[in-house]
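Some features that TrEMBL has for this protein:
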REGION    46-68  region 'Disordered'
COMPBIAS  56-67  compositional bias 'Pro residues'
TRANSMEM  86-106  transmembrane segment
TRANSMEM  168-185  transmembrane segment
TRANSMEM  197-216  transmembrane segment
TRANSMEM  236-260  transmembrane segment
TRANSMEM  281-304  transmembrane segment
TRANSMEM  340-357  transmembrane segment
TRANSMEM  369-393  transmembrane segment
TRANSMEM  399-416  transmembrane segment
Amino acid sequence: MVTPRCVRKCSPLFRRRAPLPGSLGMLRAARGGVRLLLPARGGGAGAEGRGGLAPAPAPGLASPPPRRLLQQAAPPAATPPAVGRWLLACSGAVAGAVVLGGVTRLTESGLSMVDWHLVKEMKPPRTQQEWEAEFQKYQQFPEFKILNHDMTLTEFKFIWYMEYSHRMWGRVVGLAYILPAAYFWQKGWLSRPMKGCVLALCGLVCFQGLLGWYMVKSGLEEKPDSYDIPRVSQYRLAAHLGSALVLYSASLWTGLSLLLPRHKLPETHQLLRLRRYAHGTAALIFLTALSGAFVAGLDAGLVYNSFPKMGDHWIPDDLLAFSPVLRNIFENPTTVQFDHRILGIASVTAVTALYLFSRKIPLPRRTRMAVTSLLAVACMQVGLGISTLLLYVPTPLAATHQSGSLALLSMALWLMSELRRVPK
């Protein structure tokens, strides 16, 4: 017999259970839905005193739901702030490695260690015999034969320790990523997306170390057709610096995303434009910093030491001296310096325009601080670059200029983090 709908709605045979408090109650209500009271076994008219119907089980005695359903209903755990602070510390360690690598390049120390061993080279020479053996290995390579043939053992120790410091700092950076990552993973503090991000960062650290040795090898190779000063390939140097900048940017961005709460900004047309301008400006700053690797690799900072003109001309005569023309962008020192100048001017112009445009939009105080800091660091970086050029690239000033590029990129990433969308 089919029960009419009106009877099903009104009959006490059909009873909807009230949900219990919390996620457990919701799961039980979802599983129970509408409960049908079945007749009691052996029931008659007087069974249980209610027309032979068995009473519904008490809510507290209901069977618990499977553990799988409870795990699905539980919200994903938020990543602890300790993970964000760890990533910020790692980005600082990467910045230190970049600055130390720049000083190593400026002091022409990068080719002093002619071997690469992950563990063996961690112990430096201690006795006089060990130092002499290390010096003799260095004497077999082009840098000593062409450039440093009159170098003493004391001078060799200085450049050797510079390169040694850079390599050891790189190993410290690797441990700073891998060991805490394993700890956080074991503790269950990493969400699924964060696990992928951490794996990518650790992989990039390992790749960065291999790329560094691949770069050094280019400066140790014999070049019988070249009588120029031995130096590493500017392409490999740019790849080494570029991967370090990517590692730094990814670590800083992820750390800021975990620690800084998002602003609930109205999605106006002006805000969308400001967000796009901020992303474009950050990309331009990254490209300018990367072009500095070609300047360092070709010693292009010593070609024209005047500003704003290059010598007596706005556009030098040897700007396109190489053939084909595309080679000039990466191999002609004059063109490389010219490109770096143009990119630097374009970067500070973009930052200034971004600042002026942001004045028209009501922004939170922290976001306003990020925009102002970006403009201040951009002006400082331009001043450092011009001073480095006019003073013929002194090592302290050039190292400060390279550090300024990281500071400028950091301000751009901070601003991008402040302008993130609030997820719906």
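Just so you know, glycine gets a Cβ as well, placed from its N, Cα and C.
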Remote residues contacting the transmembrane segment (197-216) - C-beta distance under 8 A, at least 6 residues beyond either end: 87, 90, 110-111, 113, 116, 167, 170-171, 173-174, 177-178, 181, 184-185, 190, 232-233, 236-237, 239-240, 243-244, 246-247, 250-251, 254
Cβ-Cβ under 8 Å with the transmembrane segment (86-106): same-chain residues at least 6 beyond its ends: 162-163, 165-166, 169-170, 172-173, 176-177, 180, 184, 201, 237, 240-241, 244-245, 247-248, 251-252, 254-256, 258-259, 296, 393, 395, 398-399, 402-403, 406
Sequence-remote partners of the transmembrane segment (281-304) [C-beta within less than 8 Å, at least six residues beyond its ends]: 102, 105-106, 229, 231-235, 237-238, 240-242, 245, 249, 310-311, 316, 330-331, 333-334, 336-337, 339-340, 343-344, 346-347, 350-351, 354, 374, 388-389, 392-393, 398, 402, 405-406, 408-409, 412-413, 415-416
